[in-house]
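**Q** This structure is in structure tokens; I'll ask about it shortly.
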Amino acid sequence: MAATWAGTPKIRGPSDPVRMVLLTVCLSGVQLVWGIEMAYCSPYLLSLGLTKSLMSLVWNIGPLSGLITQPVVGVIADRSRSRFGRRRPVMMVGAAAVAASLISLGWTKEIVGLFFSPGETANTCTILLAVLSIYLVDFAINAVQACCRALIVDTLPVPQQQHGSAWASRMIAVGNIAGYFAGTIDLMSIFGATLGDTQFKQLMVLASISLIFCILITCLSVEERVLLTRRKSDESSSALHVFALIWKTIWHLPTGIWDMCVVLFWAWIGWFPFMVYSTTFVAEVLKRYDTVARVNLETSDDALGDIARVGSMALVLFSCVSLAASVLLPWVVDSPESREHAKKHPVPVSTLERLSEKIAPYKPNLASTWIFGHITYAFLMLTTIFIGKVGSATFCVAFSGVSWALMTWAPFSIVGEEINKLSEPSGRVHRSRSGVYDPVAQDEFDHDVQEMEMIGASISTSAAAMVTDPEAQSHESSDLAGVYLGIMNVFACLPQFVGSFLSFVVFSILEPGKSPEFSVGGNEEAPTHGVNAIAVCMGIGGIATLVAAHFTTRFRGR
């Protein structure tokens, strides 16, 4: 039985650009929260007295929340029959939960002080409350993010999915830059103590207000259609059923999809230490090795804020480089998007179109360019071990933006082509990883396909919400597209647990104690020589990325 609906999706606004901004501005708020969390929470936890080895385990919550929350929330929202729609209620409730958790994170010491006198017990409870607040932020923001992206899929017709995804990518970039840039501003000099007596507290307040404001704009500007009755297949499918089907499909993946999962596994091991510790790395270079740059910190009343601002500036530059690369690379690389654009616009008009046409015979393919991105990132991460100046550390972080632009574009573009191939009659012939046809496995595969297709459409909306690639979202020719994208999300989350464990081992060996450079009061001296443990983690990540580059070579001839 088919689902029945009331109403039609609608976006208010006088023009198409305005409507697209109103639809996708929610993602700016989400990304701003992610940016501030990534830039500031590691130094904040270290300032509370948490050791780096334990902090590395705290960040397991990121991949865990993404792995669990997005599929579960996707299934729950898909079934919702609220008169306000399927996505907007979750977005509002989730945004309120994020805001409450951020305020709790900023005022952990004050909250604990209401129940405990200053001492070791109070310090321990402060750390536990901070960690719990971060956990709540991650779970709630993942729920909001899943519904924000699913709202785009639900609201726009199929021909406009690519257009909507492009605007989503722009608004995510805006939120990223805004989040990192906010960390570089001396908020105390602007607001005084109105929003809190430290930079960190004021950032938590601003992040909460910005998220709720952006979510409100989208919720008030978009009308959803209302689900009246569910499909029969949706009644029998549950979140656990979705996980079971994803697990079952992993063992029957087409060769191209499996190869990409392997690449993502190694690539995300490489990127984990950068995403979590890059701000802390730049700050430690400042406090430990760069004697000239740290002179101004000696008399600071908010050392944590001053240190984190230096790291945030590096991430601002990283975001700007990544945004510029994401705009320019499609014009100089032979990719599915560039070929599609050339078909639609055979006569070049803009300067970039003319340049792209001239260099067309010399363009590298996307897989080769991504391999170069892997190698460049690996080189930058391996050099962090030898860096002793803030300027050099900032350059390494900023220039990694080129590789990150490829990391967020190449895998979904390549998989989009692989999924298109599966829509062809020959695409569903199951072969073993060695390429040999197996009739028994083919029968099992055909049975799995039939079972998946019963719920494939409902999962595809949720899985599409996990990625920002327009090609992957707009192709509905393969009923298993959503399942494959969901599996890719799994292979992006699992290696982050590996990265977290490797960081735990490195920190336990090289820096088992607290970090004096972030301690409140500054009574202990920070080490001024020796190996930086975060740089070692980044170097290990660089090696993992070289492994990813090796497996990416499988796509060069396709």
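Every residue gets a Cβ built from N, Cα and C, even glycine.
As annotated by TrEMBL, transmembrane segment applies to 21-45, 57-77, 89-107, 127-152, 172-191, 203-222, 257-277, 310-333, 366-386, 392-412, 483-510, 530-551.
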**Q** Count, for each of 57-77, 172-191, 203-222, 366-386, 483-510, the Cβ pairs lying under 8 Å from the transmembrane segment (310-333), and report the range with the highest count.
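**A** Between the stretches 57-77, 172-191, 203-222, 366-386, 483-510, 172-191 has the largest tally.
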**Q** How about long-range neighbours of the transmembrane segment (483-510): same chain, 6 or more residues beyond its ends, C-beta under 8 Å?
**A** 51-57, 59-60, 62-64, 66-67, 70-71, 242, 245-246, 249-250, 253, 257, 260-262, 264-269, 272-273, 276-277, 411-412, 415, 419, 452, 456, 459-460, 462-464, 466-467, 472, 531, 533, 536-537, 540-541
**Q** Which one of these stretches, 89-107, 203-222, 257-277, 392-412, has the most C-beta pairs shorter than 8 Å to the transmembrane segment (530-551)?
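**A** The stretch with the most contacts is 257-277.
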**Q** With an 8 Å cut-off on Cβ pairs and a sequence gap of 6 or more, do the transmembrane segment (57-77) and the transmembrane segment (127-152) reach 3 or more such pairs?
**A** yes
**Q** The transmembrane segment (89-107): which same-chain residues, six or more beyond its ends, come within Cβ distance under 8 Å?
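**A** Distal contacts: 26, 29, 33, 41, 44, 73, 76-77, 80, 82, 129-130, 133-134, 136-137, 140-141, 143-144, 147-148, 151, 196, 200-201, 203-205, 207-209, 211-212, 215-216, 218-219.
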**Q** Take a look at 21-45, 127-152, 172-191, 257-277, 366-386 and tell me which one has the most Cβ pairs under 8 Å to the transmembrane segment (203-222).
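**A** Highest pair count goes to 21-45.
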**Q** If we call contact 3 or more Cβ pairs under 8 Å (sequence gap 6 or more), are the transmembrane segment (257-277) and the transmembrane segment (392-412) touching?
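**A** Taking Cβ pairs at least 6 residues apart, the transmembrane segment (392-412) and the transmembrane segment (257-277) are in contact, with 3 or more under 8 Å.
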**Q** Looking only at residues six or more beyond either end of the transmembrane segment (172-191), which have a C-beta under 8 A from one in the stretch?
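**A** Result: 27-36, 39-40, 197-199, 202-203, 206-207, 210, 302, 305, 308-309, 311-313, 315-316, 318-320, 322-323, 326, 468.
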**Q** With a Cβ cut-off under 8 Å, give me the same-chain residues at least six positions beyond the ends of the transmembrane segment (21-45) that come close to it.
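**A** Distal contacts: 11-13, 55, 58, 91, 95, 98, 102, 105, 127, 130-131, 134, 137-138, 141, 144-145, 148-149, 151-152, 155-156, 164, 167-168, 170-176, 178-180, 182-183, 200, 203-204, 207, 210-215, 217-219, 221-222, 275-280, 283, 304, 307-308, 311-312, 315, 319, 518.
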